[in-house]
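**Student:** One structure, as structure tokens, below. Some questions next.
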Amino acid sequence: MMKLGHVLFASLVFSLSHIDYVHGDSVNVLKFSPERDPSPRHEISSQTIFADSLDEDPMTSYLQRQKRKNGDWKSVTCDICVFITLQVQDWVSKSADVDFIIKEAIKICTVFKIEDARVCSMIVPLHQEEILYVVANLALNPNEACGIILGDTCGTPYFPGEMWNVTFPPTPKPTPKPPTPPKPSSPTLRFLHLTDIHIDFDYRQGASPECGEPLCCRVHDLFNDCIPDTLKAGKYGDNHQCDAPMSLVVSLFQHLSTIQDQFDYVIMTGDIPAHDVWNQTRTDQVSHLVVLDKLFNEYLPNKPVYSCIGNHESSPVNSYPPPTIPIQDIGWLYGALANSWGKWLPESAVKTVLQCGEFSFSPYPGLRIISINNNYCNKGNWWLLLNTTDPCNVLQWLIEELQKAEDGGEKVHMLLHIPPGEGTCLKAWSYNYYNIVNRYENTIVNQFYGHSHKDWFEMFYDNVNFKRPVGFGFIAPSITPGSDINPIYRIYTMDGNYTGSSYAVLDFNNFYLNLTEANLSGNPVWQFEYSPKKLYNMTGLYAVDWDNLIQRMEANDNLLQLFNLYKNNLYPLPPCVGQCRTDLLCELIEGRSYDPDLCNKHINV
């Protein structure tokens, strides 16, 4: 996740999540300060718009937590959003020349200092087709569109497409069965989890890690020789705004090849390309898939790899038009995924990859892996402004697959890229997914996500009293160093392949690379980080155990600080107290987005 990942729609509306101003200050429009001021003020109309115009209510508190959690969110008022949307619609309705619209969009992107002029000049043309089609066909009024983009605090008028419901089969829900730990002598399986690799082909050792753009340490960020090496990007990566160099990725795969007897298969939960989203073509994106394929083939040739798709796989980023968009075809990407994933999947699964970027497959008797494309819940996917109702029928298809699994006595592992409780996941989609997890709580034994780059989890509770834990999702840390984190991979141990197996994860081990040491020594050493059962003194890794951990963290500050350290991939941070403490506990509880009451039901917010 990075700043530009949320900037699309029109680069006028690109600015929606990236206009800077100070809380409590007034913001004026159309007269722009030429210098970047610590307290910039932009005139937008004759009226004055106030940044802190929202009442303090539970939803406001929820959105503020989301903004703090996602550093790419800025405080944007609905008034600004509506103003920009109206401006774009006006140009389109008057059939303004495309070159004029793009030129003006670049100007606003630059003047509002969303990014520097170079990035603005490249990202706007990249998204022009999406911009113009969505604006020309938008059935929502600006308030409704901004409500989807910014959340319910916009006071968005109700419109029928906002909330919708999937249809469940008439089969009654079986009585919930608490998980039973396997006998100590039962066989086990182990699998590797990789996520958010973000390979940067243009990474350059010696480049500047603080270049003023969304992604640094790149070929055009090179320093002169007078700068000390300690201020330059290292050989194996950097903890600033930089992605994973090939040297880091190759070192990982070389290491994995030496321990491949420690896992039976691999899951990969998305985001292979780098964050240079202003300069990516379809060919670029496919080349990242091909390179990763070659690495698996060379270093782990006999290990099946089961993946889900990330928001960065597409070009433009986040752009996943559903089949209902007649002028768009995402087949170029789904076809590349089918080529990459198809070697480990049957023909029936490859067919659904080609349709919506998803699959359902049983690698062992009694276990089913279901990979779904939840870019169709991503609010950064502006195509969804045209229709948010179960795009590509992903959730309805998921229900059908889960019902088959339930009927056949199978246990299911879910692969998703975006944690469904995050504020980037649209409310209706998230609520429906939450209900699906509730309905099939006996069938879905584990869920695996990426996207966050951090190490945490997300809870699901019963949807009646919201007290009984019914499921959870592992949110795995990233390979890319990104911002202030170390690269990490994970190996799970689960109940094994035998009749009656629960196929539930019993424990996992994280392994990390100390980037500072690797760059200083020139010798990357991947080393053991922790096991949650040992570190947090957990009896198991079932939903009830993670819920118990949350309760213990609320009562024990030392435990909470320990969790926060490992959540941030061993990067040293100040103590997590006050609002940080509340945010940390709430984000673990909030397994569905835009529900401000979930956290209040469990802790004193």
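Every residue gets a Cβ built from N, Cα and C, even glycine.
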**Student:** Can you sort out which of Cys211, Cys226, Cys242 is the disulfide partner TrEMBL gives for Cys217?
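**Tutor:** The record-listed partner cysteine is Cys242.
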**Student:** From the candidates Cys81, Cys211, Cys216, Cys226, select the one that TrEMBL records as forming a disulfide bond with Cys146.
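**Tutor:** Recorded disulfide partner of Cys146 in TrEMBL: Cys81.
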**Student:** Cys580, Cys586: which one closes the disulfide with Cys576 in TrEMBL?
**Tutor:** Cys580
**Student:** From the candidates Cys377, Cys392, select the one that TrEMBL records as forming a disulfide bond with Cys425.
**Tutor:** Cys377
**Student:** Round to the nearest Å and give the CA-to-CA distance linking Asn311 (Zn(2+) 2 binding site) with Asp271 (Zn(2+) 1 binding site).
**Tutor:** 6
**Student:** Let me check the 10 A CB neighbour count of Cys377 (disulfide bond). How many other CB atoms are there?
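**Tutor:** So the Cβ neighbour count for Cys377 (disulfide bond) comes to 28.
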**Student:** Using a Cβ-Cβ cut-off under 8 angstroms and a sequence gap of six or more, which residues of the chain neighbour His417 (Zn(2+) 2 binding site)?
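**Tutor:** His417 (Zn(2+) 2 binding site) has long-range Cβ partners Thr269, Gly270, Asp271, Cys308, Ile309, Gly310, Asn311, Asn374, Asn375, Tyr449, Gly450, His451.
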**Student:** I'd like to know which of the recorded positions Cys81, Cys109, Cys211, His453, Cys576 sit within 10 A of Cys217 (disulfide bond) at the Cα level.
**Tutor:** Cys211
**Student:** Given the binding-site residues Asp196, His198, His453, which one's Cα is the least distant from that of Cys109 (disulfide bond)?
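**Tutor:** The smallest Cα gap between Cys109 (disulfide bond) and any of the binding-site residues is with His198.
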**Student:** State the mean pLDDT for the domain 'Saposin B-type' (74-158).
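**Tutor:** That region's mean pLDDT is 75.
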